[in-house]
Amino acid sequence: MVTIGVDEAGRGPLAGPVVAAAVVLCKPRPSGLDDSKKLSAARRAELEEKIKRRCRWAVGVVEPDEIDRLNIFGATMLAMTLAVGALCEQLAHDEDVGEVLVDGNLTPHGRRPEWCWPARPIVGGDALEPCISAASIIAKEHRDRLMREAALAHPHYGWERNAGYGTPEHLAALREHGPTPLHRRSFAPVAQLQLL
């Protein structure tokens, strides 16, 4: 039986996808795992490389148009479901999922029809459970990379620095240049601009 850790990155930004990662830790597990928000960028990148090289992992990505259609909660549950489903495809036929540990107070169980694994929510799990810590690192690094790439096509918004969050720089660019296809139109600052 394997335990899978799941976490997401990108629920709060005004632009870009929400990304979930699912990780089955290797033995011995990489040392220094912690909540991705507590790690320096250099340490996160180092741990991401170790996790990707030595552990089994997958990501689920839900784009802004789907976030607008489902709402951010539904999109997060979908991203988690996609990540766990993709990871389970990597497992050997004789490996069963014992439990999926999800950062937060809710899981996709009963909220996504495709979710078929036993799940347990853990508030603050990204700092408490190493497999969730690993997932938080993979999710954040993956999403940050996507936003750096998106910044090349949309340079006015500073996404390589703010990852799509509503910083003063991003809000000023949004007012001046308007929303891009990567903006979440259901999020208040973007929706309010569309009403003007």
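Using the three backbone atoms N, Cα and C, a Cβ is placed for every residue, glycine included.
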May I ask you to find which of Asp103, Asp144 Swiss-Prot records for the divalent metal cation site already listed with Asp7, Glu8? Asp103
Can you check which residues sit near Glu8 (divalent metal cation binding site), meaning Cβ under 8 Å from its Cβ, same chain, 6 or more apart in sequence, and list them in order? Val18, Val19, Ala20, Ala21, Thr76, Ala79, Met80, Asp103, Ala139
Least Cβ-packed of the binding-site residues Asp7, Asp103 (other Cβ atoms within 10 Å) is Asp103
Reduced to three states, what secondary structure does DSSP give Glu8 (divalent metal cation binding site)? strand
